[in-house]
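Heads up: the structure comes next, in structure tokens.
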């Protein structure tokens, strides 16, 4: 319990600090820029050699870089649910019990979605007078009860799923696109995506939606929360005609260049309107780059092992930048261990609100790290489906289970770790290490290639610190009801007709 008290103390200090900041400056606007399958190694500031992200690199030089920032899951839907609830997917229900450690998300035929019992960030921000908009991919359920406008958002332009397809629109309809509650078209029909060339104008549409919303809110003088969740870097990757063929990295690089340009225009717009010092902006991604799609349709996780779908560093370590001129000192790097769930708690803190007290909140307030340079002692838990696969405490990471993907998938050419075969680590069967976890020092071995010897004093000393952290976590874990267990093709009938939700 001493460990638990040690972890809770900085949180109490956080609230005192953040409340003072809110009183001085009023409620700032909140802008979360969430990318889709973008990797840690896709930004020039993290070492991408082509240096094709000048605006994001500038954002980092003007703000704060987080090299130790994580997704809550190595897959899209659970990670997004965690961001908006501040809770691990195992708590908010975004997992399946159909198989052990199985990743799950919300394809068109899934029955489940975000439960009504969960309190989402936009719903809570309404208490502080915020106007909330989501642009892009929702991915928390297709059915009417899961619509974002029923969970705190005032406006929506985007889709309940990714831009998969095209489908035949009979047995399987193309994915719909919505403006608020009204379906206004479908991908590949009304919103064209050319799979041969990769040309699509969606990022430009999403950019204009963001600029227009920001302008309207500035004129109304109401604080806003804008969740810009675009998906150009998710396969099938796309870019607008102006950006096609402009990158040294092929079509994926074209998409990254267009995103970089769009982020630059959004930040410039905030400055032109004179509201940059009253707008907190955070850039990150939902999970690691999909190496299975690389290099043409996937990104880079830099020096880290494997990618999307796995709980190795490449699957969950994310690019992350905080930007708030006049508040965040320029050119800073924070070594705080962060997680997308922290955006929930940090946003509430900026709005002068406390998180719900009737449930376990896993996200922490990052403002002490951002504004004061104070580091908060906290672990990072790596979940895959219903299983805690690994934990990070300080610079050490202990794997309780290892698995890349099945032999059946691997034999069909599906490889989540291309060119990264590490014996006993990147296994194609689920390997249990709960009695003797595989331990890595991420400072000297970021690629998770060299497990620390079980017999070493280092292993013994570190595991003595990690074991009680894991024990406390497991003893107090109360899983939510799994929402991603059931698929039913009849669910797709609910989105075939052009009708309001």
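Sequential numbering from 1, following the chain as shown.
Glycine is treated like the rest: Cβ placed from N, Cα and C.
TrEMBL annotations: computationally assigned, not manually curated.
Because the structure is a prediction, the values reported are computed rather than measured.
Residues or ranges marked as active site by TrEMBL: 139. The number of other Cβ atoms within 10 Å of the Cβ belonging to residue 139 (active site), over all protein chains shown, comes to 28. According to DSSP, residue 139 (active site) is assigned to coil rather than to any helix or strand.
Annotation comment: TrEMBL describes 36, 37, 76, 286, 287 as Ca(2+) binding site. In the three-state DSSP scheme, residue 286 (Ca(2+) binding site) falls into the coil class. Under a cutoff of 8 A between CB atoms, and with a sequence separation of 6+ in the same chain, the neighbours of residue 286 (Ca(2+) binding site) are 34, 35, 36, 37, 71, 76, 79, 80, 83, 318, 340.
Among the features that TrEMBL reports, domain 'Sulfatase N-terminal' is placed at 28-352.
Annotation comment: TrEMBL describes 76 as 3-oxoalanine (Cys). The number of other CB atoms found within 10 A of the CB of residue 76 (Ca(2+) binding site), across every protein chain shown, is 26.
For the pair formed by residue 287 (Ca(2+) binding site) and residue 139 (active site), distance between Cα atoms is given as 14 Å, rounded to the nearest Å.
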